[in-house]
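Summarising the annotation, TrEMBL assigns domain 'RNA 3'-terminal phosphate cyclase' to 13-337. According to TrEMBL, the ATP binding site annotation covers Gln104, Phe293, Leu294, Gln295, Asp296, Gln297. Here TrEMBL flags 184-284 as domain 'RNA 3'-terminal phosphate cyclase insert'. The annotation active site, tele-AMP-histidine intermediate is assigned in TrEMBL to His319.
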Amino acid sequence: MDSAAVEIDGSVMEGGGQILRVSAALSCITGSSIKITKIRAGRSTPGLRPQHLSGLQLVSELCSGSLQGASIGSTDISLTPGKIQSGNHTADTQTAGSVCLLLQVALPCALYGGDSSQLYLKGGTNAEMAPQIDYTVKVFKPIVEKFGVHFDCDIRMRGYYPKGGGEVIVTVNPVKELQPITMTERGNITKIYGRAYVAGVLPFKLAKDMSAAAVRTIRKEIKELYINIQPLQEKDKAYGNGNGIIIIAESSTGCLFAGSALGKKGVYADKVGIEAAEMLLRNIRHSGCVDEFLQDQLIIFMALAKGTSRIRTGAVTLHTQTAIHIAEQLTQAKFTITKCEDELSSNVTYIIECQGSGVTNPSL
């Protein structure tokens, strides 16, 4: 069997956990065995971390696969997928490893099961170096629904760095095939809103300070919109201490953008609010239709869809280029990126176009 496995270099391009997530999910869906080498080779802690390991184990269980080499610190793994099993699946990073990244790897697989699946995911819900759960629910979910993806996310408990302890239950409905999407016209920004939260022993004043600083920063650039960033005290549904903010902008054509930041020891609340606001502003200055974080998360769905998808973006990120590289290795999808210069403004946008591979669900 090993001779037929697709070999993937885990150190290419972005060289991080994303290569694992995209490869493992596509292996599971297409039925191709994969062998990934040099996993996270350039990172300060090379090889698999707890979050990557639990994600791989989850996918392997989802596709009744056989997984070799999967242990903390391992730089080489192989996955031989079997048939996708819908039903109940659990993954626990036992750290503050991100539940959102667990969902990134498991969601595409669960779509191709014979029935709906429940994913019980445990770890950090609002963690560094990963989307916050609020981003997954408020930005990723509505956009990915355009492909025909339907899932519900019940946030049972929020968990923060370093303790984790968060828990979400995601219910995923299967699809026969995914529809392509077109998102090329942004229109105007019509709404800006968000939440600034504190949990555990942290004082509520931090939430108010983050919110106020974010509003002040956005006001400098966008004067005509009411900006509603609610300061919140997370009560019973939060484990441990944490603070953070997420701000979302909506456009007249239904595009969604976000900026977010997490509080850290010794960082003033104002600074956290400003960081999130600047991130949002950076993502709405170009007239693209997705922010820099959604870009790469949509690639796998574009690759699986039946037909041609087109999305307009700002600068194409290394994460996106990496996802495209892996998707083209493991599916029949073909991507092209075209630069668009607007004569009227200094805006440069790009169109990412994909002839999808049109994978159909064998169980439906």
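Cβ from N, Cα, C; glycine included.
Features as recorded by TrEMBL, highlighted on the structure.
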residue	record	CB count, 10 Å
Gln104	ATP binding site	23
Phe293	ATP binding site	20
Leu294	ATP binding site	25
Gln295	ATP binding site	22
Asp296	ATP binding site	23
Gln297	ATP binding site	25
His319	active site, tele-AMP-histidine intermediate	20
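Taking the centre of the Cβ atoms of Gln104, Phe293, Leu294, Gln295, Asp296, Gln297 as the ATP site, the nearby residues of that chain (Cβ within 8 Å, site residues left out) are Pro131, Phe140, Val290, Leu298, Ile299, His319, Thr320.
On a Cα basis, the residue listed as 'active site, tele-AMP-histidine intermediate' lies 10 Å away from Leu294 (ATP binding site). When DSSP labels each residue, the domain 'RNA 3'-terminal phosphate cyclase insert' (184-284) comes out as 33 helix, 38 strand, 30 coil, counted as helix, strand and coil in that order. The two recorded residues, His319 (active site, tele-AMP-histidine intermediate) and Gln104 (ATP binding site), have Cα atoms 14 Å apart.
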